[in-house]
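To start, the structure itself, in structure tokens.
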């Protein structure tokens, strides 16, 4: 049983954070497009970013900032223009954005982190940004998480947020998060942005290690369309405002905090996968019996990302052969005679041998997921066992519908 509880408040649930989201005129649609998260005090900051060789200016900016100083006060995110593949002027725009915000907040630009999402090749509309920043700061509140979550989305159908609370020592500790993502989701850390706030006191090296592992078990284990974005960013702040003793070494308290951080990241990652463009259900793949966790995750992600598997699930076709084929090409050695495949409660293959099953009932299971409650009864569970090893891993994806092609045929990436 999880040693925490879900609470309301998103990224402003932890102590000492404010957030805002406004319409600044960056999006042609006139929808909210500028978000800000501010910690009342300097916070430990860590990040995980895209592995793409084509990176947005904000990604290079954040990497340089975090290499020089593992702390921050604010995260500024614009939606509408990715500011990727925009050359030296794009970098100058990013730097000016940080300087403008720092001046208005009366803090050093070194304490500002940036994120962008939108159309690749388009620079930020700087006039709109310049005019929007004072309004954005004036909108900051300690209940502004929903507004910020709404201002970072593009093709998303829903906003994504979560907050959890646990006890460390005798004091409550909270972690909150918001995210965006619907298409270009195949992170190797799609566009995928996630921002996490925490009020625990933790050393910078431990916080970065926790975040990297949490990312591997969440955002790096989801896929919608196999495309990795130029802008993928996961940024996490920890400001110590819970007043708990500082966590500086590995132990029970650090493990508890990391487990809750991972749970926050997994919730957001699953919400992104479920909101895949044109998707009707979430796919969760659980792999057991592998040599190690990395091997299990690799198999799981290959299955979750298979266009044939995704298409079969959209067609409500319990075609386990596609699952077997995807597992086999994952690049992880295993003995075919050990392979077991289960779809929901239906055991389809055992010890490498096909089993009789009620195809109509299995198809009905897939149909039910398309109409089930959000992130509850809308999940298709695929369980795969490849041997007797101790490695287990999960990955998440979504089905592949006609609407995915329609959405992306009409959207300028």
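Any Cβ shown, glycine's included, is placed from N, Cα and C.
Annotation source Swiss-Prot lists active site, nucleophile at 191, citing sequence analysis. The substrate binding site annotation in Swiss-Prot covers 154, 180, 191, 277, 408, 413.
Shown here: features listed in Swiss-Prot, placed on the structure.
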| residue | record | CB count, 10 Å |
| --- | --- | --- |
| 154 | substrate binding site | 22 |
| 180 | substrate binding site | 28 |
| 277 | substrate binding site | 23 |
| 408 | substrate binding site | 17 |
